[in-house]
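So the structure is just underneath, and the comments pick up after that.
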Amino acid sequence: MSESRQPARLVEPMRLLRALLVVGLLGVFGLCALYSAVNKAPTFDEGIHLTAGYSYWQSNDYRLQPENGNFPQRIAAIPLLFQPINQFTHDHTFWKTGNVWDLEWIFFYVIGNDPYWMLFTARAMMVVAAMLIGLLVFFYARRLWGYGGGALALTLYCFNPDFLAHGRLVTSDVLGAGAFLGAIWALSWLLKRISWLSIGLTGVAFGLLAVSKYYAVLMVPMVLLLVAAQLYYTKETPLLLRGERVLQGWTSRLGAMIGALVATGLIAWIVLWSFYGFRYTAFNDDLHYGQFFESWEKLQPDNELIGAGIDLAREYHLLPESYVYGFAHVIKHSESRDAFLAGQYSSTGWWYFFLVSFLVKSPTALLAILLLLLVILLLDKNKRRWLRRSKTLPGWVPLIVMALVYGGVALTTTLNIGHRHILPIYIVLFVLLGGLWRVARTRGAPTMALLLVLIAGYCVESISAFPHYLTFFNRLVGGPENGHVLLVDSSLDWGQDLYLLDDWLKENNSGADRDTVTLSYFGWSSVTYLQMDARYWESRGLFNRESYDVTRLEPGLFAISATMLQGVYDPIYSNWDQKYESSYLFLISEMSRLIKASPNLQSALAFVNREGPKKWYNKMRNFEHYRAWRLRLHLLTREPEVVLGNTIFIFRLTEDDVKEMLIMPEIGFPDDFPTRKLFDQCRFLAEQLEKNASPNQ
């Protein structure tokens, strides 16, 4: 019963109850997201995003991490502006070279800041932003389907494990999805009713999308398709600029839409420039000389047309330098990235990657709700009405266009590193599925009962995932316990469970008789800052920079992140065969030779200089890779003693186990040998020799 048909005395209480339901859903979302983040370590990218965002506010300089999106990084850093933060100096080499990875290490762990509190407050800010996006979902769906549809869409959003996982992180994925939804809603309103207000709001929405995610470029085909749909479905367009007119001819309507879109683009362009201080150069002239982390030459894309567009924008200063650089970075690093899918490895991805990730990481109840919608549509005897022309464009058309365009691009991209990249598709589905509430009411009690059961099941699935939302996989594929077999990296293991390992070791492996702990960690949280008593084993992230030791591998506890266990970023993709075995045995003999000749660092450097620093740099790297790969292959066949957070696997290995897996585990430098210095010196000397040999020098 609509409010207009209800007795007057019931309208106000009903409105209050409805408002309380919305507030309650958002409150549950906020509490679950924030509380579940309390004991989660920084994920791989959070630290660099927060460091960059803080530098935007404090330095008016945009050299750091421009590829992630200026707006989300600024939002995350707002709480830091009200804290007594120790700033990094602008004369540091890492700042001058735009090395945000090492600068983040200094910002978080070296100069006396509290990394826990900084990250928690930044995450709280992101949760607030995610709650506002939830409101956007509700109001959009309510506009299309009424209050019931809005409440259903909001429920799907608030209990979705992916949005609970990423909505609490200092990343751009949820804000980008929300900005996309806001932009498509504003665009549909603009094409339906051209006014100064619709032009202004759409321009702002487009601008915010542009500074949130670089996939804003996908709005171009969406705009073209929606203009065509508007002209097809409707016969007139209201024009409210100077008075009110109703345009009816398709040429006049098209002209008005083009003019409105040009004005919208201009506003979006101004909004974009405002986030960079209306300055072309990325570098603040009042600070020390600067450069980007990677040179422009390294970011030249394979696509010549895109490259020409980037060069044009740089030459004529059409967009801020930092924005153009970020776009070039995204394009270049999307051309080839290591990826893993159910035992397969690739650097160019699979067209079906996101189809698989959608099927395995969507709650089973959500898949059932989609199936229910499909059945209802197939049984609809009046399908032709979907294409029937009407006074206004059907509200579902812009959402379908967005889903099809974005989904089509997802099927063609070679960037297959994370399920999070299809969050815009989920947020569109939530709004579309809100329409099921209206359909269920018209089809009777059985359909409504089935829908309510599925919604309840959906909520139960979400509750069962707490607090490990990032590792959610549905029970159709074995749940999160089986997730590492299918997907890793940001789809499962982003380094978030190092705190769990620290707590577990303190409780289960302390005292004089504690076992040796060897750690292979994927993430950017500091093992050194935690004072964790763990020896180094091949890692990716901060631990790799804090401790690089080609040491003897001893029996004890071996802790390994799921991403490292699958060897995604190891250069050895194929199965271990005799060729690799022979190479490994050769490297063992070579490392034995180096270690015998190296009682100290000076002797080691003299030895590698005689035989070639580049050669020994590669040998030490390859020895580490081969040894780690051989060990991982054995561990994949064993059951771990314990699994923490579905991401960190702990194995207990005896002396015989280690010997069987590595042949000669005793090969390695002593614990007190400065392996990191030797490795870095070899790399430095190799680079110097290459520079001296270059004809351009």
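For all residues, glycine too, the Cβ spot is worked out from N, Cα and C.
According to TrEMBL, the features are:
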- 105-229: domain 'Glycosyltransferase RgtA/B/C/D-like' (DOMAIN)
- 20-38: transmembrane segment (TRANSMEM)
- 116-137: transmembrane segment (TRANSMEM)
- 144-163: transmembrane segment (TRANSMEM)
- 169-187: transmembrane segment (TRANSMEM)
- 194-210: transmembrane segment (TRANSMEM)
- 216-233: transmembrane segment (TRANSMEM)
- 254-276: transmembrane segment (TRANSMEM)
- 350-379: transmembrane segment (TRANSMEM)
- 399-417: transmembrane segment (TRANSMEM)
- 423-440: transmembrane segment (TRANSMEM)
- 447-470: transmembrane segment (TRANSMEM)
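Note on the transmembrane segment (254-276): residues 62, 70-71, 74, 190-191, 194, 198-200, 202-204, 206-208, 210-211, 223, 227, 230-231, 237, 239, 247, 282, 319-320, 322-323 of its chain, located 6 or more positions outside it, place their CB under 8 angstroms from a CB of the stretch. If one looks beyond the transmembrane segment (194-210) by at least 6 residues along the same chain, the residues whose Cβ comes under 8 Å of a Cβ in the stretch are 71, 176, 179-180, 182-183, 185-187, 216, 219, 237-241, 256-257, 260, 263-272. Beyond the transmembrane segment (423-440), the same-chain residues lying 6 or more positions past its ends with a Cβ under 8 Å from any Cβ of the stretch are 133, 137, 140-142, 144-146, 148-154, 156-157, 160, 162-163, 166, 173-174, 176-178, 180-181, 184, 215, 358, 369-370, 372-373, 376, 396, 399-400, 402-403, 406-407, 410, 447-448, 450-451. Across 116-137, 169-187, 350-379, the stretch most heavily in contact with the transmembrane segment (399-417), judged by Cβ pairs under 8 Å, is 350-379. Taking pairs at least six residues apart, the transmembrane segment (116-137) and the transmembrane segment (350-379) share fewer than three Cβ pairs below 8 Å and do not count as touching.
For the transmembrane segment (20-38), the list of distant contacts is 120, 123-124, 127-128, 130-131, 134-135, 138, 150-151, 154-155, 157-159, 163-164, 167-169, 466-469: same-chain residues at least six beyond its ends, Cβ to Cβ under 8 Å.
Mean pLDDT for the domain 'Glycosyltransferase RgtA/B/C/D-like' (105-229) in this predicted model: 97. DSSP places the residues of the domain 'Glycosyltransferase RgtA/B/C/D-like' (105-229) in helix, strand and coil in these numbers: 105 helix, 2 strand, 18 coil.
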